[in-house]
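**Q** Sharing the feature lines straight out of TrEMBL:
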TRANSMEM  6-30  transmembrane segment
DOMAIN    129-261  domain 'Alpha/beta hydrolase fold-3'
DOMAIN    323-384  domain 'Alpha/beta hydrolase fold-3'
Amino acid sequence: MGFVCAPLTLIGVIWISPFMLPILFIWAILPPLFPKIQPITASYSPHILCNLKDLGLSAVINFESLSFEQGRILEKLGICSDISLLRFMLDGIPPWRDSKLLIRDLKFAEVPVRVYQAKAPSSGQRRGVLYFHGGAGTLGSFWNLKAICILNYRLAPEYLYPSQYWDCLNATIHFMRNVEDYQVDPARIIICGDSCGANFATAICQILVSRTDLPKVRAQVLIYPGLQGLDFYLPSYQQNRSVPILFQDRVIYFCLRYLNKDTSVVEDVLKSSHVPEDMKLKYKKWISADHIPEEFKIRGYTPQRLLSYKYKHEVHEVIKQLLEVMFSPLLAEDAIVCQLPESYILTCEFDVLRDDGLLYKKRLEDNGVRVSWYHNEEGFHGVLAFFGYGIFSFPSAKKILDNTVKFIKKL
């Protein structure tokens, strides 16, 4: 019976979801009506709640966490994976299509892409913007985004790492070789991404610096990027460990799911037990709280005690891919970094990944690369995903989008 009940239960979950969503949303907004549910916001400091404010965010916090926990339960029951449920719950309703745009779904080197072009004729060649969406390499698609050219790379764990990087690279090369088909100026190709998509964008730009047969990338745009798997105890990880929509432990959990590894080592990775001592010392020159400006250490930061670090070889063997330069492009050598194009980096104050962006900004500047940096004081990780959804859209998302567009228009 089990093999019959499991798919029927999954169909039931999916079928009732449209009817359950309003109930779950009310559940998220009004946790006091459901006393058995402890509101996640209870663990936040008044300072964080004051800055994140709005009842709307409280709803997002509880709803997102509820979806995550439901997924874990369904996976344990053998009904469906937690990733599958999160994909279903988080894809949401696609934004309205703009009547002024020509939108086409194509393939670049067999990678699905969505191309946005203005219907109005252009007097000259346009900028070409390639966008890699976020989602920890396991979630997300171009259904939720509007950019110039969005890549729908294959997702993990169905497609193993580093398939996502190769999809992004191959599609980018295809676009670069065929820019004339889209009236794009080959001298104004911009590679963008948010979250893990910014990680992909960073890695692709690093790979392309050695390609003399292709146009040079004009700029890279990195929106709250995750760039290293070495240190999950940086100030931003401590300060924002329980801030939605990306919690400290879930960063590691999704990294492990992305790499299709055992998730039981999350706590060990939090303590940096996966990093050999010689590697920890080697990369301290680039990845250390010492390189984070003091104004970002004021709230909720405690330097890591050396006694709390203990290397575990068995943990390293499980997750050593976290320390590869492709996965952690912040570890790239100076000889590569100094050749990178002009860069735009967006960081948010209430984001565990904030310090990855700050550290990469420093590395680029130290290597003579021009950097435009925008820091949003009220933003949190993934805030742009809510832009365009009416009451769920945050003012900080509009500020981020306006600043990013302003940078791109100058290129």
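Cβ coordinates come from backbone N, Cα and C, glycine included.
Automatic prediction, not curation, is the source of TrEMBL annotations.
Have a look at these and tell me how they're positioned relative to everything else.
**A** Per-class residue totals from DSSP over the domain 'Alpha/beta hydrolase fold-3' (129-261), listed helix then strand then coil: 51 helix, 23 strand, 59 coil.
Averaged over the domain 'Alpha/beta hydrolase fold-3' (323-384), the predicted model reaches a pLDDT of 97.
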**Q** List the helix, strand and coil residue totals of the domain 'Alpha/beta hydrolase fold-3' (323-384) as derived from DSSP.
**A** 23 helix, 19 strand, 20 coil
